[in-house]
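J.: What follows is a single structure, and I will ask about it in a moment.
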Amino acid sequence: MKLTIFKSLYFQVLTAITLGVLLGHFYPDIGAQMKPLGDGFVKLIKMIIAPVIFCTVVTGIAGMESMKAVGRTGAIALLYFEIVSTIALLIGLLIVNLVQPGAGMNIDPGTLDAKAVAVYAEQAQQQGIVPFLLDIIPGSVIGAFASGNILQVLLFAVLFGFALHRLGDKGQLIFNVIESFSRVIFGIINMIMRLAPLGAFGAMAFTIGKYGVGSLLQLGQLIACFYLTCILFVVVVLGSIARANGFSIFKFVRYIKEELLIVLGTSSSESVLPRMLDKMEKLGCKKSVVGLVIPTGYSFNLDGTSIYLTMAAVFIAQATNTHMDVIHQVTLLVVLLLSSKGAAGVTGSGFIVLAATISAVGHLPLAGLALILGIDRFMSEARALTNLVGNGVATVVVAKWCKQLDEKQLHDTLSNKPGSGADKTLPSA
């Protein structure tokens, strides 16, 4: 029994995170030098994301009986994303107005170092709904795979899947080849995941070593408020959605506990995307639904990022004594409904979208971003964790609404019954 615990990925990653925190705190210089370990692991995962999405989506769509079902799944998923992410934005706005973590700081924007956020402001100028939509279309198929752009790969995979489906029996050979290639890809993922503890250790040691615990204490009220809001959103909002669709949010969180720990260590929900695709299938969701909902959700269903954006923007206004009436806050909400859709599930993207939003609203001081910059890394963990749970719940819900969910397998797996999907997931180590 003890040996089984030591071999579990959950235990290994938890131990690695703890060691990373200790190293970063007591030996910050050494901890800061551990960054390549975390970066290397995330790069290994990114290397495999494009082929995983391609194989999953193509085999899922090509294997469906009707193409109308694919269109229906996509429409339902986008509707769900819009409703839930809007709720997340509203909850963030409500809590930050009630708690007011920035009130009383009385910071003069002119005294802040705007140079520190200049690079983010420059990137933010490139944000916009039209450039975002045009960017979904790749310049070339090879370019989409080379850059690892999730939505570009997804678009090509959907078109490829449709074309393969129309070939019928003539395309069976290609279908079999892609399915076999998919098995090889997931074999590679299994090997990469053995390095997850090392990646989590390096990323956490770097974060604590570079930014220190002091930066946590300095703006602790905002961080605590944000973390509690994310917990509230998962338990109350996602919990209610899960319950209404026949499963427990707590059992679901337990099911993906290893993925949550990896995300906690790396601060990026993208680091477990391939593994989530596999686990959601094991949970009883059809491959076609998983292949569409999970990758799309990484741009359109970022609940944690939505909460962060409203809270951070209003916090800057409170800290700099910038008055925001109802009209200003409604304007902020409308802008965020568009700009938040461009925040991919990678570390730092939320901060860039925040910069874009503040630039678009115009009422808030852009220099106020310097207040958030020092603690953004610590807030990214809660963002990524909430995003991951949100996308997992969305997949189950959309699968159920589209009648593409094996509910018996869902309940057996979440209850950890022998022979269920819970004991068929990728080996840990």
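Just so you know, glycine gets a Cβ as well, placed from its N, Cα and C.
Under the heading transmembrane segment, Swiss-Prot lists 3-23, 44-64, 76-96, 142-162, 184-204, 222-242, 326-346, 352-372.
Quick one: where do these features end up spatially?
T.: Residues 70, 144-145, 148, 150, 153-154, 156-158, 160-162, 164-165, 171, 175, 178-179, 181-182, 185-186, 188-189, 192, 195, 270-274, 277, 286-292, 295 of the same chain, all 6+ positions outside the transmembrane segment (44-64), place their C-beta atoms under 8 angstroms from a C-beta of that stretch.
Away from its own ends, the transmembrane segment (76-96) comes close to residues 225, 229, 232-233, 237, 241, 292-293, 296-297, 300-304, 306-311, 314-315, 318, 329, 332-333, 336-337, 340, 390, 394, 397-398, 401-402 of its chain (Cβ-Cβ under 8 Å, at least six residues beyond either end).
Listed as Cβ neighbours of the transmembrane segment (142-162) (distance under 8 Å, sequence separation of 6 or more from its ends, same chain) are residues 46-47, 49-51, 53-54, 56-62, 67, 70, 135-136, 273, 291-292, 295-296, 298-299, 344.
Same-chain neighbours of the transmembrane segment (184-204): 9, 12-13, 15-17, 19-21, 23-24, 34-42, 44-45, 48, 51-52, 55, 261-262, 264-267, 271, 274-275, 278, 426-429, counting only residues six or more beyond its ends whose CB sits under 8 Å from a CB of the stretch.
Remote same-chain partners of the transmembrane segment (222-242), defined as residues 6 or more beyond its termini with a Cβ less than 8 Å from a stretch Cβ, comprise 84, 87-88, 91-92, 95-96, 99, 101-102, 216, 248-250, 252-253, 303-304, 307-308, 311-312, 315, 375, 378-379, 382-383, 385-386, 389-390, 393, 396-397.
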